[in-house]
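Q: In case it helps, TrEMBL gives these features for our protein:
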type: DOMAIN; residues: 23-518; note: domain 'K+ potassium transporter integral membrane'
type: DOMAIN; residues: 531-770; note: domain 'K+ potassium transporter C-terminal'
type: TRANSMEM; residues: 20-40; note: transmembrane segment
type: TRANSMEM; residues: 60-81; note: transmembrane segment
type: TRANSMEM; residues: 151-173; note: transmembrane segment
type: TRANSMEM; residues: 193-212; note: transmembrane segment
type: TRANSMEM; residues: 219-241; note: transmembrane segment
type: TRANSMEM; residues: 266-286; note: transmembrane segment
type: TRANSMEM; residues: 298-318; note: transmembrane segment
type: TRANSMEM; residues: 343-368; note: transmembrane segment
type: TRANSMEM; residues: 389-413; note: transmembrane segment
type: TRANSMEM; residues: 425-444; note: transmembrane segment
type: TRANSMEM; residues: 451-473; note: transmembrane segment
type: TRANSMEM; residues: 479-496; note: transmembrane segment
C-alpha cells in the first residue's frame, strides 16, 4: 500500500454521481447493518413486562408513533442533516469531535503542541476567523480552566467507553434476537436450551473471522443488508395491506400522548425498548471517513429509513389484529412473518445480524486506535487487514476481550430483555455526548450564533434525556452492564492518560538546556563513535533528561546525533510534504539535529526501512537547503535557540536529494551529482543530489559525514522510564501512578516505531521518574 500517496482531502466531494451512488451502495453493508436489524427486537423489548398489548391497540399504535418520530428526529434530522457536517476533514466519531475542539480551543491536556502544527493543511483547512464575541469568550474560558479541559476529556472518554460497551452488547442482542425465530418451531420449554448454544456458536465464529479482515467478506455485506431491507419492507407492505391499511394513522404524535396517558409509569419505562430502534445511528457518523456525507445521506434517506418505517408499520398492523398470538410469543418479530417465509427470513436475519455485529466490532477497533494515537489508551497491536482501505484494522487483544464479554452477557442473561436494557443505555449515552460536543462545535468551530447551539442541545438533549432516564431506571435489570464496563475502561484510559501527562510534564520540567550540550567537548572525556544515534524523546524542544543520564554513565555518543520525536497531532492525516520538522541543535560542527515526525490519529506509521530512509533524507534535505540559503517554510519552535524547517518525505522531493543503497541507481532525467565515501566492507550508501554550483564545500562535507554515519549503522536509544508518585502525593495519585499506570505500562506493547528497530541496534536507558 502506498501510504504516502493517499489523498489528504476527502476526495468524494468532487466525484461523480456514479461514484457517490457506488459509495452509498457500499455503505449499506458497513454502516447500516446494526440499524437495519433493530426490528428484530424493538417491539419484543418494549412489551417485555412494563406494558401489555390490549385489544384497544392504543399501546401498539403509541409505540409505532414513538418509533416513527424517534427515527425521524434522531437519525434523520440530527445525524443526517446536522452531525454529519461536523466532520474532522472527512473523519467522524466521538474522538473526531474532540479533536476538532482541541484545535479550535486548545483544550488538549497534553502540552506538546507547537505553532508549527497550526500550519498543517488539515489543521487550518476549516479555520474561520469570523468568530463572534460570545464564541471568543467561551474559547477563552475553556483554555483558562484546567478543570473544564478535564471535563471535556472525560466526556470524550465516556463516549468512547460506551462505544466499546456497545461493541459487547450489539453482537449479543442482534444474534440472539435473530436466532429467537426458532421458538416458533419448538416447544416453549425447549427453545431456550437451543437458542443460547446456537447464539454462542455464531458469536465465536463471528469473532474468529475478525483476523481475516472485513475486506475479504465485504463484497457480501451490502447484498445481505439490501436483501434484508427489501425483505422486511416487503413483509411490512404485505401486513399493512392484508391486516390493517389504516395503520398509517398511528404516525400522528397524538398517539404518543394517548400511549403515555394510558400506560403512565409503565409506558415511560418501556421507552428503553423503543430506544433500540435507533441503535447503530452513531455508526453513520463514526464511519464517515470511509465514505462521504452525500453517500451516507442518500443511503439512509432513500433506502434505510423508508424500509424501517414500513417494517415497523407492518408489524404494528399485524399485531393490531392478533392479540392472543402476540401475547403468547411476547410480540416477537417472527410472528408477523408469513409462515412459509419464516425459515428463509430466519437465515437472512442471522446473516444480517452477523453483518451488523461486524460493523460495530470494526468501529470499536477504529475508535480504540484513535484513543491510542492521542495517548488515551494503552498501546495495543494494530493489524491492518486491507491494503486499500486504511480504516480496516484488527486488534487481537480487544477482539478476544470483546468475545469473552459478549459470551458472558449472552450466557448470563439468556434473554433479550436484559440485554436490550444494557444496550439502550450504552447507545443513548453516546448520543448525549455527541449532542454536548456538537453544541460546542456549533459555537467554536462553525462560529454560529450561540442561540442555535442552545436550541440544538435543548431540543435533542431533551429527547435523549427522556430516553436516558427510562434506560437508567432499569439499572438493576441489565442496564448496570454498560456502566460497569465503562467504569473499567474509563479507569484504564484515564490512568494511562494521566500517567502519560505526568511523565511528559516531568520531561518538560527536567529537560536539559542547550547550553549544557555546548559544554560537551573531547576535553571533558566525551568521545564520538561512528554511526547515527537516534535518541527517542517525547519533547518537542530541549534535550531530554534521559540523554544526560546516558552521557553521565557512558561518556560517548555517535558522530551524528538525532533527537527523534514521533508525535500525534489532532488531525486525521498529515500530508507527506508536511511529515517532518527538522532543525539543528547547537553549532553546525556538533552534527546534532532534531527531527519531529508528525502523524494524524488515522495515519499508518511507516515501516522501519522506509522510515529510516525518509529520516536520513529529510536531514540531508535540510542540510542542503540550509547551505543554499533557500530553506523551506521555516517555523519557530518553542525553544528560541532552535529553528525547525518543514521537510516532506522522500516521495515529495521532486528534485531533491535521493539516497541510493548498494549499486542501485534510480532512473532520473535530472542531472545528479553523486556524493560517495571510501569503499567500506558493508552496505554502500550514496546521496544523489541535484547538480548545483551553489553547494558549499562545507555542505558537501556534512552530507558525506551523514552518509558515512548511515553506512556505519543506526542505533536507537530508547528511554525505559519507571514512573513513581513522589513523596507527599495523595493516596489516589499513588494508586493511579504506582499501581494502575505501572501495571498498564508493564503489560502493554511498546511503541510501534521502537518494535520495528532491530533489537541488536536498540539500547534502553533506565530512569526513575518521580512525578
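Keep in mind that glycine also has a Cβ here, set from the backbone N, Cα and C atoms.
Since we're looking at a predicted model, the values are computed, not measured.
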Q: With pairs restricted to those 6 or more apart in sequence, evaluate whether the transmembrane segment (389-413) and the transmembrane segment (151-173) have 3+ C-beta pairs under 8 Å.
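A: Checked: the transmembrane segment (389-413) vs the transmembrane segment (151-173), in contact.
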Q: What residues in the same chain, six or more past the boundaries of the transmembrane segment (266-286), come closer than 8 Å to it by Cβ-Cβ distance?
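A: Residues 31-36, 38-39, 41-48, 50-51, 59, 62-63, 66-67, 70-71, 74-75, 79-80, 83-84, 92-94, 163, 170, 173, 259-260, 296, 300, 308, 312, 356, 359-360, 363, 366-367, 420-421, 423-425, 427-428, 430-431, 434, 466-467, 469-471, 473-474, 479.
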Q: Top stretch among 20-40, 60-81, 193-212, 425-444, 479-496 for CB pairs under 8 A with the transmembrane segment (343-368)?
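A: It is 20-40, which has the most Cβ pairs under 8 Å.
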Q: Quick check: do the transmembrane segment (425-444) and the transmembrane segment (193-212) share at least 3 Cβ pairs under 8 Å, counting only pairs 6+ apart in sequence?
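A: Checked: the transmembrane segment (425-444) vs the transmembrane segment (193-212), no contact.
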Q: Would you kindly list the residues that approach the transmembrane segment (20-40) from elsewhere in its chain, counting only those six or more residues past its ends and only Cβ-Cβ distances under 8 Å?
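A: Long-range Cβ neighbours of the transmembrane segment (20-40): 12, 75, 170, 174, 177-178, 180, 214, 218, 220-226, 228-229, 232, 276-281, 283-284, 287, 290-292, 294-296, 298-300, 303-304, 307-308, 311-312, 315, 333, 349, 352-353, 355-360, 362.
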